[in-house]
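Encoded as structure tokens, the structure appears first; notes follow it.
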């Protein structure tokens, strides 16, 4: 895919715009497996898709520098090309939601980006969207303005430097509304909280982060156990990254 643009949107967090025919097949919640453009890094890097523009065959990826491979991605500029596998994963189930429904989005840190496309598509259908975001501090806050285009947004920070002090549970535990669906992505602690809080919700989903090797389900490097069945496992890359709450052990 061709690099259209790239900018640093927060300290060590970059937004990368790619263009190519692959965009036509993309869905909210899927990810791309990017090859680092050098000979020293053999493993691809999985990066979630934050927004999709099929009309212009473009997609946006937001990632954090977390090692030498992603540091190399941050040096890419307009006109460069990337070896990309994808789109991969199952994505979020957004079916059967319309103006009669209310949905909760919960994101934390670098797990926020895949929720942007979800919010956009649901808003286009008239769904009422409520978003709760959690970050470490004010410098880490991303996509609040973009998500606010599609509904009400609450922001929490661990140190209270922006928004409400605490984590997302401070807001969620006080929400009186009933939600027809819940979509979430974030750090392991946040995902455990969502998994427990919405354990019996029929349409609550977790988008899980995991280190991957092959990205195609063959190597079993990203497996999760299934509740009450030690012999069954789920692969984050192939069976996920989106799972219904209560269906995997976190």
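Heads up, residue numbers simply count up from 1 along the chain you see.
Glycine residues also receive a Cβ, built from the backbone N, Cα and C atoms like all the rest.
Annotated in Swiss-Prot:
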BINDING   45, 46, 47, 48, 62, 63, 64, 69, 70  FAD binding site
BINDING   214, 219, 222, 237  [2Fe-2S] cluster binding site
DOMAIN    1-94  domain 'FAD-binding FR-type'
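Structural mapping of features recorded in Swiss-Prot.
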| residue | record | contacts (Cβ under 8 Å, 6+ apart) |
| --- | --- | --- |
| 45 | FAD binding site | 33, 34, 36, 63, 69, 70, 73 |
| 47 | FAD binding site | 16, 31, 32, 34, 61, 62, 63 |
| 64 | FAD binding site | 12, 13, 14, 70, 109, 110 |
Worksheet entry | Surrounding CB atoms that lie within 10 Å of the CB of residue 70 (FAD binding site), all protein chains | 18
Worksheet item: Taking every residue in the domain 'FAD-binding FR-type' (1-94), what is their average pLDDT?
Response: 96
Practice prompt. Please work out the number of neighbouring Cβ atoms within 10 Å of the Cβ of residue 62 (FAD binding site), leaving out its own Cβ.
Written response: 22
Item to complete: Tally the residues of the domain 'FAD-binding FR-type' (1-94) by DSSP class, grouping H, G and I as helix, E and B as strand, and everything else as coil.
Response: 11 helix, 42 strand, 41 coil
Discussion item. List the residues in the vicinity of the FAD site, defined as same-chain residues other than 45, 46, 47, 48, 62, 63, 64, 69, 70 with C-beta within 8 angstroms of the site's C-beta centre.
Written reply: 34, 61, 66, 73, 110
Worksheet item: By a simple count, how many Cβ atoms lie within 10 Å of the Cβ of residue 237 ([2Fe-2S] cluster binding site), its own Cβ left out?
Response: 24
Item to complete: Please work out the number of neighbouring Cβ atoms within 10 Å of the Cβ of residue 222 ([2Fe-2S] cluster binding site), leaving out its own Cβ.
Response: 24
Fill in: Largest inter-residue Cα distance among 45, 46, 47, 48, 62, 63, 64, 69, 70 [record-listed FAD binders, Å]
16
